[in-house]
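Before any comments, here is the structure.
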């Protein structure tokens, strides 16, 4: 990622990445041209922002359920522009949409790049004109995110402030971190709650959980045992059981959770100290809920909290639909026998990692999914009452095509979950290196000396008599034996660095991500693709980069371009797929309008 491109084509591609972000203002311009008036939720957001612009701070539309962060951001941006340019004096829909598009095209990519470089522990050495990576461009082109970047919705800014808080939280973990970084993180964590209430689960649970895991990794060794009792006992010795995702079975997730709890109890003071900033943010949110009487702001009767576990089933086909280009190569390496795997796709994974879900996993997870579908399929009245949303058509197929369709869909949920979680651990990381060989400190027994060795000794003695001083100097330069204890300490240091550098490939990260995702989704009765933007972005940020195929790992200069194409093919395929989806959904929105019989003359439009 940081290497300088070796070909003109690679250099051109690198500089072309930022220009891809111009699609965002182009999309917004098209929306303004065809839909100049507020559409759908904009009918609530835009008048509220205009009220704030008129300094009517106490006016609030009860149909709005999210906090006022979006309107405050637009007020600050437009006030600054007014100060510099003398306009705009009135905030019309295009002006407000422009503040959202600017955040999506300028601020969000820059902060995403910082987060990506930090997560992957890489320095950004790209030249200024090519500062953004292909991965960041693809995240910004993610269809639900891209679509709402041209409208006046809360999604872009809700994501932006979470990413910015994450950057500061990651900077707190550096050895030279200062109290200022913690203070800034606290401010950003609270600000994140002003844009969307469910951000609390990302700035407190997700960030806090990862911080605890990082803290525990610094003070622990690997637990070599796989026995549950031994794993729990090993916690008192600061040994953590946390395997790589591709080496883990379903039982390993339970063992890792138990090991984390055991080690955390053994380091309780350190864990509590590391959680203080997140607990402060959580307490602030709790104070808001007590003051407001509810989590939502406006019409509470339409947005009451409920236990909607089925949300954690819908997420998997959603991820697979958008990210299948990134899953093709991993799935080929895992599923296909080695003799059937094309050489340009073979990334050298051992046979132990080329396996399907175990029968035990199937027998445990599938019945749970079936039970969730049977007892917890919640259909919000808005879902089947509004045919402008794509979710309307998905649920109509699930519920109305056949009584057993929703149960058969559990196979899709299961396979999707397996693919998405497996991709999280799809990394070339192997087991920790073995101990270095110890230099002998004793000579071999005399009986073991061969005739050749005796002849060699005689020759050395003659050379010694001829040039004693020179031989003495050579002998004095021989390396001294290394203490085995030093070698053991060195190996443990390597293992610890490996755990820290590849934390996203381990079971502990998946557990924390799943917990934050579940908490942010299962309390919402309404199924909205927009609600899954932050879970997807966090998954995408932490997705390990694709390893180089074995055939190209020692490629000659003539094959260098071919190797780069092979490595980056999933990224290019992802770009093409996102552009195709954006063109289709954008065209449907702009050109595929229709009318409702109950509202003649008013154009209805398809959207996420």
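Placed from the backbone N, Cα and C atoms, the Cβ positions cover glycine too.
Copied over from Swiss-Prot:
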- 8-28: transmembrane segment (TRANSMEM)
- 64-84: transmembrane segment (TRANSMEM)
- 143-163: transmembrane segment (TRANSMEM)
- 183-203: transmembrane segment (TRANSMEM)
- 271-291: transmembrane segment (TRANSMEM)
- 292: N-linked glycosylation site (CARBOHYD)
- 312-332: transmembrane segment (TRANSMEM)
- 359-379: transmembrane segment (TRANSMEM)
- 407-427: transmembrane segment (TRANSMEM)
- 446-466: region 'Disordered' (REGION)
- 451-465: compositional bias 'Basic and acidic residues' (COMPBIAS)
- 507-527: transmembrane segment (TRANSMEM)
- 569-589: transmembrane segment (TRANSMEM)
Most CB pairs under 8 Å with the transmembrane segment (569-589): which of 64-84, 271-291, 312-332, 507-527?
312-332
When you measure from the Cβ of the residue listed as 'N-linked glycosylation site', how many other Cβ atoms are you left with inside 10 Å?
13
Using DSSP, would you call residue 292 (N-linked glycosylation site) helix, strand or coil?
helix
Which residues of the chain, 6 or more past the ends of the transmembrane segment (407-427), have a CB below 8 A from one of its CBs?
244-248, 313-314, 316-317, 319-320, 323, 326-327, 330-331, 333-334, 357, 362, 365-366, 369-370, 373-374, 398, 502, 504-506, 509-510, 513, 539, 542-544, 546-547
